[in-house]
Structures are given as structure tokens and as C-alpha cells.
């Protein structure tokens, strides 16, 4: 794998991934964070794929059957720091739905790379100026880099995706030679039920080592689906019998608008350079003799929060056993 070059690290956040879809020109999709695979009401259907972030460790192996089937679009990760975009694009290339439009950037990439081998596909992806520009639009603005000794390296965090193709579920990991077949499901079965034990096993393994992870789902654009439902209800509401349902849909659409606006604001904050402000604030606090105490308090609070989150995850996994 080549050096990071001009690819930046980006956060594992549904707002980042959803806006990245918009940047690529994708229509009909969004990304949602999942806190549990057991809460069916909280999951949007259909779910086109899952994106799993975990801390990669030497020797970690996933049980599965390597597959070189031609109907799976798979590209290697050939450059560091691009694993988030790599995972998302590997997933998008395998979505087969007429309601989903990939847009010019990804359609051109797919048409060019479809007949290439996985490694060459990866090089084509990492050399795409348009894809890199969208990826780097989420870079954190800073005047310098801090080398914090003893901290966890962001480079060790890695994304993989799970995608249903035919009646099999595959793990697409750009660091592997081939996709892995990790589950099988019947035609009438929800593929999420088939992959659930695999993901829960990985979550349990990583939580035991106090290693953070998160899970996101690629799902239909909720606002578009709600608007389609609204149009159907309005057409069927000849006797004003569906006013309550229409009101509920209006509220759900407003909630989606609010969520997307929050995503936009958070992404703008990510792009803003706060360094001059922080430096000036630290100077003032140091001059007043408050800086060391505040840093110590913040460090202890962060440790306690991390321990609490780990304990909650362990309890949740034990409850499911």
C-alpha cells in the first residue's frame, strides 16, 4: 500500500457519509448509524449494505470463504487513509436498484473499472481526482499535527462492508485479496438476520479488548420515500379520512429535514479551522493559571466516559447471549 499522499483521514459519521454520497452525485440513498441489529423498528428497509468500523489488529481474521465470482465488484485499498471512501464505493458498486442513481462520477469509474482486476480497480479509485476531491472535502483544518504519545493511532482503524449478492452475504475488505462469503440466506429471509451473528461476534470480540467500533447502514433516502408515501395518501384521501396519517408523514419529513440540516452544520464545523481560536484561548487560560487544571479534568472525564461506553457495550452483548 502506498503512502497516504493527499488523502485525509475522515470521521466515521453518518452525516459525513451521507454528504459524501451527495458529493459523488448519488441519488436515492443515505447512511444511518445503527446502535443495535435487534431493533427492527429502528432499521430502514431495504438495507443495501452495512459499513463496519473497528480497530484493526495484526492477526485478526474473519471466518469466511474467499470468492472470486465475477458478479461482485471489489477493489483493493491501495493507498492509506482512503479506507472510508473505499468501503463506501465498494458497497455502492454492488447496489442493484433502479431507484438508486450513482451519478456521473461513480458511473464513469464503474464503467472504466468493471473489467479490471481488484488491484487495478483500487489504483483507478485512488487516482481519481474527482473522488479524492469529495473525500478530502471532509478534512479537518489545522495548522499543525500533534503527536500524542501513548494514544491510539487513527491509522489502525479500518472499514469493511457487508453486502448481499444473490443469496449470499459478502464481506468486502480492501486489504484482503478477495471478498469473503460470510453468510447465506433464503430468498424469503432478511439478509440482516443471516449476517447478525457474524457482526455480533465481532462486536463482542472487540468490546472485550475495550476497542471502539461502530456500525452504519446504507439505506434508501428517507425523505424521498416519505414524500412518495405522502403523494399516495393525498391521492387516496378523497373523504379526508387520512388526515392523521398525512400529518404524521409531514412531521417525519420535517424531522428528516432537521437531521440533514444538523448534518450540514456539523460538516461545516469539521471543515472550519478552529486552531487560531484554540491557541488564543489556551494562551489566556495559561496566563490566568487555569490551563493545567482544565486539561487534567478533561482527561479524567474522557477516561470515565470511555470506560462507561465500554461497560454499556459489554452488558448489551452479554444480554444478547
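Each Cβ is built from the backbone N, Cα and C atoms, and glycine gets one as well.
The active site, nucleophile annotation in Swiss-Prot covers 83. According to Swiss-Prot, the active site, proton donor annotation covers 158, on the basis of sequence analysis. The feature domain 'UCH catalytic' is assigned by Swiss-Prot to 6-220, with sequence analysis given as support. Taken from Swiss-Prot, the feature domain 'ULD' applies to 273-301. Taken from Swiss-Prot, the feature site 'Transition state stabilizer' covers 77, and the record attributes it to sequence analysis. Under the heading site 'Important for enzyme activity', Swiss-Prot lists 173, citing sequence analysis as support.
When Cα-Cα distances from residue 158 (active site, proton donor) are compared across the recorded positions 77, 83, 173, the shortest belongs to 83.
In this structure the C-alpha atoms belonging to residue 77 (site 'Transition state stabilizer') and residue 83 (active site, nucleophile) are separated by 7 Å.
The two recorded residues, residue 83 (active site, nucleophile) and residue 173 (site 'Important for enzyme activity'), show a Cα separation of 9 Å. Averaged over the domain 'UCH catalytic' (6-220), the predicted model has a pLDDT of 86. Using a 10 Å radius centred on the Cβ of residue 173 (site 'Important for enzyme activity') and all shown protein chains, the other Cβ atoms total 25.
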